[in-house]
């Protein structure tokens, strides 16, 4: 693409952790340049959808059929957490659950991720919750290095596609690293409305963007 040409018919959506930046760290200057020129997708807290929307508030969880989700999670985590800190975090539109706790250090994060790759801690946790809350309208997806998300069915990353539909983009690219079934990028990556790109790290994202849009 020519440096002097602006393509307004193409939209690029990016996952953040593991795609634009290493988990919970800032983007490098080269990635800022690329994502800024092509359009950066929302982060995991969904602030971009309107954080004041009461439909996606804490109260909506408490009113769901079957009561709060926290009961089983808390009792299960009493025996299965491996750290100390914030294990359950309310976000806009979801609960974020971390067996090690979100207050862990970067080194503890890396150690937990390596352990999780071997022992499948999050995968086992999600399996228990899926069985317990079967038919309750909840979805579970693993993302990042230390946590997984719990949210109502349909409130995954595809939600943004309905919002941008009115803009009539001819092509929508999505870049993410958790694109396998069970990962929190899977639904939007495999959606027929997007051209999905699986990446392994921010450097991989930069390389692919330069090949697609700047060569």
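Glycine is treated like the rest: Cβ placed from N, Cα and C.
Residues annotated as region 'Disordered' in TrEMBL: 23-52.
Annotation comment: TrEMBL describes 24-40 as compositional bias 'Basic and acidic residues'.
Per TrEMBL, alpha-D-mannose 1-phosphate binding site is recorded for 91, 102, 109, 147, 149.
The annotation Mg(2+) binding site is assigned in TrEMBL to 177, 189, 191, 194. In this view, residue 191 (Mg(2+) binding site) is surrounded by 16 other Cβ atoms within 10 Å of its Cβ, with every protein chain counted.
It is 31 Å from the Cα atom of residue 109 (alpha-D-mannose 1-phosphate binding site) to that of residue 194 (Mg(2+) binding site). Taking the Cα atom of each, residue 149 (alpha-D-mannose 1-phosphate binding site) and residue 177 (Mg(2+) binding site) are about 16 angstrom apart. Taking each Cβ in turn and tallying the other Cβ atoms within 10 Å, the top scorer among the binding-site residues 149, 177 is 177. Residue 189 (Mg(2+) binding site) and residue 102 (alpha-D-mannose 1-phosphate binding site) have their C-alpha atoms 26 Å apart, to the nearest angstrom.
When the Cα atoms are compared, residue 191 (Mg(2+) binding site) and residue 147 (alpha-D-mannose 1-phosphate binding site) turn out to be 24 Å apart. Fewest Cβ neighbours within 10 Å among the binding-site residues 147, 194: this applies to 194.
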